[in-house]
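Undergrad: Take a look at the following structure, please.
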Amino acid sequence: MTLRSLGYAYVNFQQQADAERALDTMNFNIIKGRPVRIMWSQRDPSLRKSGVGNIFIKNLDKSIDSKALYDTFSAFGNILSSKVMCDENGSKGYGFVHFETREAAERAIERLNGMLLNDRKVFIGHFKSRKEREAEMGARAKKFTNVYVKNFGEDMDDDKLKEIFSKFGQTLSTRVMTDESGKSKGFGFVNFERHEDAQRAVDEINGKELNGKQLYVTRAQKKGERQTELKRKFEQMKQDGMTHYQGDNLYVKNLDDGLDDARLRKEFSPFGTITSAKVMMEGGRSKGFGFVCFSSPEEAATAMTEMNGRVVGTKPLYVALAQRKEERQAHLSNKYMKRMASVSAVRNPVLNPYQPAPPSGYNMEAIPQAQNWPAYCASSQLAQLLPSPCWAMQCV
């Protein structure tokens, strides 16, 4: 029991008229620098949790706060709660209004969806839970027709891309994304008429080589869908104990020799606010890798997905979450010991059924190498377990 405030409270009036007056006059008043939200106490938690009467509003003007949202929608029925989502920069451009009844929510959607609020057209619809949204995305994923293709050369154009993919079926459009000079950015889209043709193209071309480059082909996703998936993966990483990753810092390698800090920042700037961008140098020459640090993990995750494999200059980039050197070594030590434990369990499950995890600060170089380790690990995998070069950061 800490006796700290949980941030909410109840006030019980003797007269309903007094409660109504308090709700009308004090809702969203500032108390100690924070706007308070006042609503009727709802004793039935099932109504709040059911989502019935809850609507979602997006494309809100920055000037619309929670009070303005409440005032706008209160004409359609009793509101249990209303909130504009904000961050340190103010409104994020969307919010929620939870009506007491579905009928009130329906009226608000019918009257205001597509209308102008402060000269901006707003979208209003029924709120959908995460499970409902994921189910809808899963259903769309099973019937996709638009394909995303990346990691091809600068000489690729719309006609060449169409020629490669048209053998799988009728294409409605093909588009290679280009920069200001008209050069290919190394990725593009192919839209098929039929889902079956799109699926076959993904199955047969993904991973194939074209002019010495391995193509990456998959279902194209909308921006919001990609961000949702990235957020889900990021949350899963945290749940899996991967908290040692620097979630806002990216490791970038396979850089062109002529690429400097300014160019690195420019290439990654479309994905968010960059706090630092650095190409690692030695003797005045690029070492072929660097780091880009964003203001938030979400921005970094988006940049990682969009830029990994993209051709910048003449080379496809490798982009991953960055780790500090000591964290990387500890992570590799832990992986090594787990593999050794599994090998020991296979060899002698009775005499050596368990091997403890390495202690804190365990040094990889002190670990003896098993004589017949190659029987259990390819040489390429073994190389990954060796100590990394002594720079401050290294990739995942």
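Each residue, glycine too, has its Cβ placed from N, Cα and C.
Curation does not apply to TrEMBL; its annotations are automatic.
What TrEMBL shows for this protein is this:
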DOMAIN    1-43  domain 'RRM'
DOMAIN    53-129  domain 'RRM'
DOMAIN    145-222  domain 'RRM'
DOMAIN    248-324  domain 'RRM'
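Could you place the listed features in the three-dimensional structure?
TA: Taken through DSSP, the domain 'RRM' (1-43) splits into 11 helix, 4 strand, 28 coil.
Per-residue confidence over the domain 'RRM' (248-324) averages 88 (mean pLDDT, predicted model).
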Undergrad: Could you break down the residues of the domain 'RRM' (53-129) into DSSP helix, strand and coil, giving a count for each?
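TA: Within the domain 'RRM' (53-129) the tally stands at 22 helix, 32 strand, 23 coil.
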